[in-house]
Structure formats: C-alpha cells, structure tokens
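Peer 1: Below is one structure. I have some questions about it.
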Amino acid sequence: MEKKIQNTLQKLIKKPKKQKEVINWMNQFPENEKLQENCCIALKKLGEGVKVERKKLEEIKMTKFNAIESIIQAINNFPNNEKIQEAAISILKDVVIDSKNRIKIVELNGIELIIKAMNNFPKNENIQLSGCLALLDIGVTSENQIKIRELNGIESIIKAMNNFPNNENIQWRGCWALLNISIDSENQIKIRELNGIESIIKAMNNFPNNENIQWRGCWALKNISTNSENENRIKIRELNGIEPIIKAMNNFPKNENIQLRGSFALMSIGVDSENRIKIRELNGIEPIIKAMNNFPKNGNIQWAGCWALMNISANTENKIEIRELNGIEPIIKAMNNFPKNENIQWRGCWALLNISVDSENQIKIRELNGIKSIIKSMNNFPNNEDIQLRGCLALMNISVNSENQIKIRELNGIESIIKAMNNFPNNEDIQWRGCWALMNISSNKENEIKIRELSGIESIIKSLNNFPNNEDIQLRGSLALMNISVNSGNRIKIRELNGIESIIKAMNNFQNNEDIQLAGFDALNNIKNGIKTNELNGIESIIKAMNNFSNNENIQLAGLNALDNIIIYAENRISELNGIEPIIKAMNNFPNNEDIQLKGLNILDNIIIYAANRNKISELNGFKPIIKAMNNFPNNENIQLKGLNILDRMSNNQDIQQVGCWILTNISYNSENEIKISELNGIESIIKAMNNFPKNEDIQLRGCWTLLNIGVNKENRIKIRELNGIEPIINAMNNFPNNRDIQLKGCWALMNISVNKENQIKIRELNGIEPIIKAMNNFPKNEDIQWKGCWALSNVSVDSENQIKIRELNGIESIIKAMNNFQKNENIQLKGCWALANISVNKANKIIISELNGIEPIIKAMNNFPTNEYIQWKGCLALSNVSVDSENQIKIRELNGIESIIKAMNNFSNNENIQLEGLYALSNISLDNKVYLLSSNQNCYGFGSNFHCQLGLDFETLKISEKPVLMMKNVSKVFSGISSNSVFILNSNQKLFGCGKNNNSQLGLGPNKRKDIHELTQVQSIPKGKIIDIQMSKGHSIMLIEDENEKRKIYSCGNYELNGFGRSINKFTELKSSFFEHGDVIDFSVGENHTLILISNRTIIGFGNNEWRQLGTKKKYFYQTKPIRIKLHKLTFNISDYHLSCGFQNSFIYYISSPFSNLETFLISSFLF
C-alpha cells in the first residue's frame, strides 16, 4: 500500500491535483520519512500552482483538511530532514498570512520549529528566507514578538541576514521581520545587543536601489530608536545609520512609504542632541521638508515631518537651518491642511515653539501667518492639554517681538491664552507659560487694556494664588502684573482683585529671587497704593529685598521708589522694621546713581521729623552718603535741597564737623561700627576735626569720646597712633583742664589706646602721662576720672621708662590718693593695685610707694574686697614687688599684709597667678623672718617663716611659728642663707639632711624632687670627706669639702645659670675647673644669685648673676654660667688672711691680720667699674 502511495506521490509531485489525498496519506503514515518528504514537496507544488503571491490556502481548499497540523507534525518528527524542513516551512510562510492560521501555528509550537529549522540549516537560503517570511507575519502581534525573543528568534533572523548579505530577498524579509518584532521595547534592546542594528544598516547600504529594503530598513530603525533608553539612538549614529535613512529619502522622493518611514525614523533618532547635529551635517533636514512638500495631503507624512522638525529644532543652529531651507512654511501648511488632526496640530505647535526661540524665526512665522495657525489650533482643541501648553509656549516665544504682540492681539490670540489658563487651572506648565506669554504681550499698551477686558488680570492673579510655591509662575505672573499695571485702569483692577497681596506674597515666598523682587517692586511702584501696601506688610517685603540684594542697583532703586510711595503712610514703620539701614546702604553702594541718591534723600527727609529716626540715621553714619550725594550732584537742585534740609534738622545749624563728631561718637558704641568707622577712614576725619578746631570744646569732647570708643578695637589703636591721633587727645586735655567731661573722656581714650605697647611709648613721648595725672589731681572727688586715670596709668606703666616718668610726675601719689579717697570703689581699688603692681617693678618706686604709705591702701583693698580675684592677684603682685626691699618687708608685716596674702591664697587656691605672686611675696617677706637655734645639747630648733617648709613641716600644717620647733637632735652644724628658703643640717654622724625650697634642685636630693620639701630628707650625694661649709642662694648651693688628702674641693648643685656648670644639677657634684689645678680653695661666698671663690694662688673666680657687675667684669653679662677670673690689683698680704663676702648685688674681699690690726676692703660692684 505504502509503495503504491509513493508512486502516486511521485506523479503528484510532477503534476499535483488533489491536496486532500496528500494530507490523508501524511496522517496515515506519519513515521514514513520518505512519504512525509514527498507529501510536503507535493503540497508545496500544489501551493505554487496558484498565481497569487503568498496566497491564502483557503482558495485551494488546503486549510479544510488540517493541513497545518500535518505539516507541523512532519517538521517536528523529522528535524534533520532538510527537504521536509524546506518544503514545510515554505508552506507555513504562506499560510501564516491568515490570522487564524497564525494562532494555530503558534499553538502548535510552530515558532519554535521555524527557529530550529533556521538554526539547524543556516546555509540553506530557502529555509532562511521562508523562516524570515514566516516570523515577520507571526511577529505582528505583541505576544508573538515576546515569544520570538524568548525563543532566540531575533538572533536567527540576524544570522540569516549576516550569512546571506547578498541575498536581496533575505535582506528585505529580515528587515521586515525586525521592524515588526521591534515594536516591543525589550526587543529593541535585544536587537542592539545582537548587533541587529548593524545588519539593518548593512542591508540598506548594500541594496540602495531596493525600495522594499529601504522602506523596511527605515521603519525598523524608527522602531528601534523609539526605545526610552537613548543607547539605541546613539548606536545608530555610531554605526553611521543616519546616513542611509537620508539617502533612502533622497533616492526615492516619490515613494510615500519611504518618505513616511524615513521622516519618522529621523524624528525618533533626533531625540538625541548629538543626533540632531549629525542630521544637519548630513543634510537630513532638507529631505524631511521635501517629503512634506511632495505629499501635502498625506496626513501621516505631515505628522511625521512636524514631529521630526520639532525634535531637530531643539538645536540652535538647526532652527536657523530650517528657516533657511524654508522649513517653517510646510509646518504651517500642514497645520492649515489638517486643522482637525490633533497630532499634527500638537507637533506643529511644538515645532513652531522650538523654532521661534530664534528672533528672525519669530518674524518669519508672522509673515507666513503661522501665528494664526497656532491660535486656530488652540481654538479648535480647547480641551487638548498638550496643544494648549505648546500653543501658549509658542505664543510666549513669538511675542518677544513687538510686532508679533500686535498681531497676536489682532488675531484674538490673547483670548486663546487666557482660555487655556482658565480651562486648565491646575496645570502648572500652562499657567507658567500663559503668564509668561501675557507678560510679553503686555509690553504693548493696547494689549494691557485688552488683557483687562478679557479678564486676563484675574487669570494671572488666580495663577499666582493657586501656585504660591512655583517660583516660575510667581516670577512671570509678577512681571505680567508689573507690565499691566502701567495702565491706570489696570491698577484699579489689580487692587480690586487683591493683586497687591499676591505680589507681596510672591516677594515673601521667594526672598532670594532677584527677578521676583524687582518685578514686585516695579509692580507696587506702578500701582502706587501705599495704604494697601502698608496694610499688607509690603514695607517689610521691600526692606527684606533691599537687604538681600544690596548690590543689585535695579532692586535698590525700585525699592527706594516703593518706599517713597509708601512713606507718607508709614514714616514710623520704616524705622521699626530697620528700613533706614538699607536706604543708607543703597546710597553708599551706588553713590553715582542720581535717582538712588534723590529717592534716598527724599525718604530720609520725610522720616527725619521723628527723633528716633534722627538717632538711627546718626547711628548708621547716615551723614556720609548725604554729604557725598550733595558733593557728587552739585547741580541737582532737589538733591541739594533735600540734603541741606536733612543736615539742618539733624545738626540744628551747628558746624558740620561738630555734628560729624557727635554722630561718630554715637555710632562708635557698637563694636562692629568701631571697625566700620576705621574702614571708612572715619578715624582720620575725627582727628582732622579735632586738629582743625582745637578751641571748640564740643568737637574736642566728641572727638575724645569717639576715639575712646573706637580705641577698644586693637587695630584701631594702631590706626589712631599712625594717624597721630594720640596728640589731639592730649592737646584737648591740656587746652581744657577744667572741662570735666574732656578730662574724663581723654583719660578714658588714653586708657583704651595705651593697651598697645607702642602707644604707651608714644603717650610718654607726647607728654601724655602728665595730663592724666593732672586730671586726677584737678578732680580728686570725681570717681570716674580717678577710675579711668588709675586704669590709664596701669596700662602705660607696663613700660619701664613710663614707670620712672610716673614717679617723676608724682603720679604714684595720685594713685594712692585715689585709692584712699574711694576705698569702697572696687574699680578704683583694682586699677590702683594694678598700677602700683606695675610701677613697683622699678626699684626706686618700691621705696617711694612705701614713703607715701602706699603699701597700706594695697592691703586695705585686699581686705575690703576679698572675693575680687583680680584685686587679690594684683595686690599680691604689688606686695611681691615692694617686698624686695627689706624695710618694706617689715612694713608689710606691721600692716598685717602677710595675713592678707595668705587669705588671698586660701580663697583662690585654684588661681595660679594668685598662688604664684603670693608665694613670691611671702618668699621675699620671709627672707629675714626665720631663725635656727642650736642648743648646748646639740638640738636644732627653728621658728619664723615656714612658707617653703624650711622648718621641716608642711606649709598647710604650719605657715609661721612664733615658738621654736624642734627640728633634729644630735646636730653638729646648721647651714642656711638670708636669701634662701632652705636649710641643711649636719648630724653628729656626719649625715646631711635638707628641707625647704627645692624648685631648682638646690637641696641636691636628685631627680623628681623639684618642689618644696616639707620634712628633713637625707642628702645622698655627699662625697667622702669633711664638710667645711655650705652656702645657699635662691637657686643654688655650694659645698666646700676637705678630702682625706686635705685637698679642698667645691661641690655645687641647682640652677644652671648659677651653679657654675652651665646646666642644671640635681645632686652635689664636684665643680672641676683649670683654676683649681694651681691652688687650693681658701674661702668662698654665695650671694643672692652669684658665687665667688678664693684660690691659694691669689686668684678669685666667680660665676652666676652679673646684672650689677658683681662678678667684676667690664662686660655686662646677665648670667655667667661658667667660672671666670675676677681681675683685681695684686693681693700682697698673706692669702689665708683674705676673706670673701657676697651680698645681694655686690661682692666684697677683705683682709684681716691680728698682728697688724689692718682692715683692707675692696668693693666689687657696678659702682667700682
């Protein structure tokens, strides 16, 4: 049977007649590969017999017999049979045209089988062509497009194109398949990733004369480039894909499909900014325009052309190119030819709005009646939000041109804009562009009226109120109202519609937007409704804007204009809101702007009737801009009149210098103004005024007063000196000795200025210390003068020469008198103590203070104000200084000063300065106030001062002992010194102990012991030998030892400047020197801070302090850290009869011989040399 069927099939293949029989045989013998092969070939032949390209098989009754199922079964059963695959897919490519067949094929997994066949036989051109044809029809539905991608069918199509680049049919069908599939956005990406864009471009380039390929290629590139990701558009440009689109349009100008798809492709590709440039460079704008001109009745081409030009015209140069190629006209024609086509109207308006950014294009659009087309479009589609928005935008741009503004009115375009705003009140973009368009249009006077008549003012105000936070709407709305309000009728309307409130709100909401502020000002100035503006707190908005944009000349002028309009209703409010300051700033910042100066003066002239405003102007240095304005505009009568009027009211006709000093005095109370006056060269002006009018008491008073205020600032102190400003203060005090205020302000000014060291010297050189002292002497009962005088003297007395000068001018007496006269005045007591503390650094002054009973008021001040930390500090410092003198030490004790110092230290235990100065004072006072007794039973007792634990007890336990305190038993020797606060005790076992002050390691106790030692501690660093003597200064100790060979050696420790080593030594160490190599030590002596040693070879050496030349050197070394030889005339007598004695700042060598009863003394001191 099967053999008979095979023979019949062979005949059918040659001359097929019955399809039904063939299909039945396929169904009866599905496993017979040869039969299936012949049946498929037979069916293919039967289909080819009908002369209709890609015919519907219903015409040959093929679909009635379940032919599709049979064919797909054959494909599925024999995937490796190339003939079955080729014939079967060829059949499917034809039947797939029918939508029902497509569904059937998809349901039977036909897509997967077609793709498998293409993949299995990549070199079979027929399979590849039939596969592309089948997939292009299957891919018309969105679901199938996704299915093809998921089954990697896109890759198969692209491979077919790449494998057969010269097969025109495959290229055509491949492009077609990709264009259908590329409607899906993910497929667009997939095509790019598989380099499918390149395949399409190659096809177009390889077959430039094939209209089908060009049409499908353009269409495919259009679809692919619509992907929201810009990468596809970029890829097309990078692969030079724009060029073949343009070539296709140029090569087939009469082919509507190519022109349509090419225009759409360029539209989509032109979304990318760089592509727009590329299209122009490749002359791609021209074919779009030609397409529109060649097919004026083809709505789709017109739509695509408008859209393409819309995108391309976003580039500035392209706008010009479109005009030069007469591209504006076809856009307008398209809009006119298709007035009911919303897409064309929308894209046409959008294209014209882009193009109209260029000023020449604005004119061209008017000349071509394009304004009319835009307005018609808006009128025809009042409910189309996009058309209304683009129409408003287009008219906004076009209306920049003044003639266009008229044209828009004549064509009732204003009405269209207002309708758009009213119809879409919630569309921010329409409101923004509508306001902007009306802003431009309202530059024309007649348009201002028209806008009001059409209730456009209401629309603008509504927009402002509905979108208070939209900066763009607020700006354009305010600017529109600014233009409109030039008309008097419009001003009324704006007020009636509460437009003033909207303007002020805009200014308040966007205080940092210069344009909104300026527009608001100008609108308020046009409306000129001061009462309403004042009621709505508009003054505050104006002042804020002026403050925020002080460098914007236009805002400053507009702000002054606005305030000038309001001023008669709100003179006080301007001052209350700190509005005077921005007025003065504006005048200062723009001295050459005549309008600003006039407006500023006019406002000041109005508000100056109130005293508070006058004071404020003075405080703000308002005289400067007033006078400058008069100087800069001498021919402006109004400026001169206003300026003189203000000066007259402010100064009460006094001399301007006097007024200037008064003003600067008031201003200078403020720390920032101190700096400002200096920056504005105000210090120089004050000094000049004082120098020019030395006999004018008011100027001198105010000058001193201002300089005392300004002198608080440290840089100003220097400036005053550099400008020779100290001298006029001193002159004022000398010229008006009986003027209490000048004396007070003069002392005060010198007090402030003298904080600077160089100024202290300058005051002395100008004899400025004398008028301070005279002022204190002339007004002994004036507490302020005494206070400021003491303070001034405390400042200048920092300088050592000034300390002498104050003494010579009896200033110490004046300070002491002030302290005695005002014992309850804490300030005077503080500055008195401070001044005496400074002055008492000088040695002669220490004595004078004592002779004038100045120690007593210091102690009284400390006792009267025990909680004043500064008085306690400076009191301790003063007592520390004066207590260097031995008589003063006694005086302090007699006046219970020691108690005052100790109280201060107890009350302010955490104040380092008080502790330090108190200890210094007590240290000085206690130098002659300690005694050590060695009893007959070899017990050592001590009494007196224990401030440095020199009695071997803790300072906190015992400060002063009136009774002897047992320190040690079995004592052999006690060593101490009048200038030291330490003690060494040698017991009977020849062990040495020390206690007391050890701040320089002078007790030789080793490291980590630099403090007061409050108990007797053994000195471990004692060398072998007999201790002959130990002497101590404030900072070092010298020990004389006789060793087992009866050789005498010097050991030293303590401060590096005093111990002879030149470095700090914390334990007794032998002092080695070449001087000791030629003789033995005969004698030595330690003074306050220096040492002399006598050697048996008749040499005297010394080291330590040499401030008073107590080392006998002609050169004044402050410290001699290493031993030097002291040059004297020859010591002729027995060397063992010479002795040394060192005092505080001097040295003696004396000779005593019992047989001759001679006493020969040499003084070594500064007085000898």
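Note that Cβ sites are derived from N, Cα and C of the backbone, with glycine treated the same way.
According to TrEMBL, the record shows the following:
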DOMAIN    22-189  domain 'LRRK2 ARM repeat'
DOMAIN    198-357  domain 'LRRK2 ARM repeat'
DOMAIN    372-534  domain 'LRRK2 ARM repeat'
DOMAIN    536-651  domain 'LRRK2 ARM repeat'
DOMAIN    770-925  domain 'LRRK2 ARM repeat'
REPEAT    66-110  repeat 'ARM'
REPEAT    195-234  repeat 'ARM'
REPEAT    283-327  repeat 'ARM'
REPEAT    369-413  repeat 'ARM'
REPEAT    412-456  repeat 'ARM'
REPEAT    455-499  repeat 'ARM'
REPEAT    681-725  repeat 'ARM'
REPEAT    724-768  repeat 'ARM'
REPEAT    767-811  repeat 'ARM'
REPEAT    810-854  repeat 'ARM'
REPEAT    896-929  repeat 'ARM'
REPEAT    990-1043  repeat 'RCC1'
Peer 1: Excluding the flanking five residues on each side, which residues at least 6 beyond the ends of the repeat 'ARM' (283-327) place their CB within less than 8 Å of a CB in that stretch?
Peer 2: 242, 245-246, 249-250, 253-254, 256, 259-260, 262-264, 266-267, 270-271, 273, 276-277, 333-335, 337-338, 341, 343-344, 347-348, 350-351, 354-355, 357-358, 360-361, 364
Peer 1: Should anything in the same chain at least six residues away from the repeat 'ARM' (724-768) have a Cβ under 8 Å from its Cβ atoms, list it; otherwise answer none.
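Peer 2: Sequence-distant neighbours of the repeat 'ARM' (724-768): 683, 686-687, 690-691, 694-695, 697, 700-701, 703-705, 707-708, 711-712, 714, 717-718, 774-776, 778-779, 782, 784-785, 788-789, 791-792, 795-796, 798-799, 801-802, 805.
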Peer 1: Using a Cβ cut-off under 8 Å, which residues of the same chain at least 6 positions beyond either end of the repeat 'ARM' (455-499) come close to it?
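Peer 2: The answer is 414, 417-418, 421-422, 425-426, 428, 431-432, 434-436, 438-439, 442-443, 445, 448-449, 505-507, 509-510, 513, 515-516, 519-520, 522-523, 526-529, 532.
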Peer 1: Is the repeat 'ARM' (66-110) packed against any residues at least 6 beyond its ends, judged by a Cβ distance under 8 Å, and which are they?
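Peer 2: Non-local partners: 19, 23, 26-27, 30-31, 33, 36-37, 39-41, 43-44, 47, 54-58, 116-117, 120-121, 124, 126-127, 130-131, 133-134, 137-138, 140-141, 144, 147.
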Peer 1: What is the average pLDDT across the repeat 'ARM' (195-234)?
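Peer 2: When the pLDDT values over the repeat 'ARM' (195-234) are averaged, the result is 94.
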Peer 1: On the DSSP side of things, how many residues of the repeat 'ARM' (412-456) fall into helix, strand and coil, could you say?
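Peer 2: Helix (H, G, I), strand (E, B), coil: 35 helix, 0 strand, 10 coil.
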